[in-house]
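Participant: Quick one: structure below, then a few questions.
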Amino acid sequence: MLSTLAKRFASGKKDRMVVFFGPPGVGKGTQAKLLEKEFNLYQISTGDALRAEIRGQTPLGKRVKGIIESGGLVDDDTIMDILQACMQKNTDNNGYIFDGIPRTIGQVEKLDALLAKMGTPLTHVLYLSVNIDELRERVCGRLFHPGSGRVYHKVTNPPKKPMTDDITGEPLIIRKDDTPEVFNQRMNQYFGTFQPCIDYYSKKGILQTFPVDGQPIDVVHKKLHAALQ
């Protein structure tokens, strides 16, 4: 897989290789989708990829289901396998946004090694920081439409009809990993692993931090867009 991917990369320059860094639920996915269209990038969300495996009841999905739903971290090798598979399938772009990876220093090192072999090192690391109490309220109020991936919020972006998708009329769900108990577990995991990642990218001079507390999506987006210009 690696040699095939390297050959595909050699045929087209990747202008932007971007890591979106920050705790689960901070808004990385929302911002990534906006920037994806504007810069012809491809968003790779390891969280979405893992949940797709779970929905498909694949061997991998069955193996990681309990880990994801309890707020744990999937092992680094599995995450990197998923990342490479996503890159292999999507090469017609100007670069990638890595959303949800890296989350450990081991993943940082593996990602650097992979991209070095591709000849396409990271160009930007965008760190979205947020007050944890605000984040808890944001995450534990989320509602999802499984078929499309549309996201609502009980308070800030409610559906027109309670627990019902505005477009299809199908029921919305609350993910099992969006309960207060699992949120606390995920935050414990996150804060136990993220500081070495922050330090690593800071020393490389490619880390940019964007506080997002109380800021509208469009305000944050303008700042991120400017950072990638």
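Every residue, even glycine, has its Cβ placed from backbone N, Cα and C.
Okay, these came from Swiss-Prot:
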BINDING   GLY25, VAL26, GLY27, LYS28, GLY29, THR30, ARG142, GLY214  ATP binding site
BINDING   THR46, ARG51, GLY72, LEU73, VAL74, GLY100, ILE101, PRO102, ARG103, GLN107, ARG175, ARG186  AMP binding site
REGION    45-74  region 'NMP'
REGION    141-178  region 'LID'
Participant: By Cβ distance under 8 Å, which residues at least 6 away from the ends of the region 'LID' (141-178) in the same chain are close to it?
Facilitator: 25, 29-30, 48, 55, 68-71, 186
Participant: Neighbour count, 10 Å Cβ-Cβ cut-off, for VAL74 (AMP binding site): what number do you get?
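Facilitator: There are 17 such Cβ atoms around VAL74 (AMP binding site).
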Participant: Considering every residue in the region 'NMP' (45-74), what is the mean pLDDT value?
Facilitator: 84
Participant: So, three-state DSSP: helix, strand or coil for ARG103 (AMP binding site)?
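Facilitator: Looking at the DSSP assignment, ARG103 (AMP binding site) belongs to neither helix nor strand, so coil.
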Participant: In Å, rounded, how far does the Cα of THR46 (AMP binding site) sit from the Cα of GLY29 (ATP binding site)?
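Facilitator: Between the alpha carbons of THR46 (AMP binding site) and GLY29 (ATP binding site) there are 11 Å.
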Participant: With DSSP assignments reduced to helix, strand and coil, which class does ARG142 (ATP binding site) get?
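Facilitator: The residue in question, ARG142 (ATP binding site), is strand (DSSP, three-state).
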Participant: If I take the Cα of GLY214 (ATP binding site) as reference, which of the binding-site residues GLY72, VAL74, ILE101 has the closest Cα?
Facilitator: ILE101
Participant: If you count, for each of the binding-site residues GLY25, GLY27, GLY72, GLY214, the other Cβ atoms lying within 10 Å of its Cβ, which residue has the minimum?
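Facilitator: Comparing Cβ neighbour counts within 10 Å for the binding-site residues GLY25, GLY27, GLY72, GLY214 gives GLY214.
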Participant: Under 8 Å Cβ to Cβ from ILE101 (AMP binding site), same chain, six or more residues apart: give me those in sequence order, or none if nothing qualifies.
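Facilitator: ILE101 (AMP binding site) has long-range Cβ partners VAL19, ILE44, THR46, ILE79, LEU83, GLN107, LEU111.
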Participant: Rounded to the nearest Å, what's the C-alpha distance separating THR30 (ATP binding site) and ARG175 (AMP binding site)? Just drop the number here, would you?
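Facilitator: Cα-Cα, rounded: 17 Å.
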Participant: On a C-alpha basis, identify the one among GLY72, VAL74, ARG103, ARG175 that is nearest to LYS28 (ATP binding site); the candidates are the binding-site residues.
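Facilitator: Nearest listed residue in space: ARG103.
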Participant: Including all protein chains shown, what's the count of other C-beta atoms within 10 A of the C-beta of LYS28 (ATP binding site)?
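Facilitator: Result for LYS28 (ATP binding site): 24 other Cβ atoms within 10 Å.
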Participant: Count the other Cβ atoms sitting within 10 Å of the Cβ of VAL26 (ATP binding site), across every protein chain shown.
Facilitator: 22
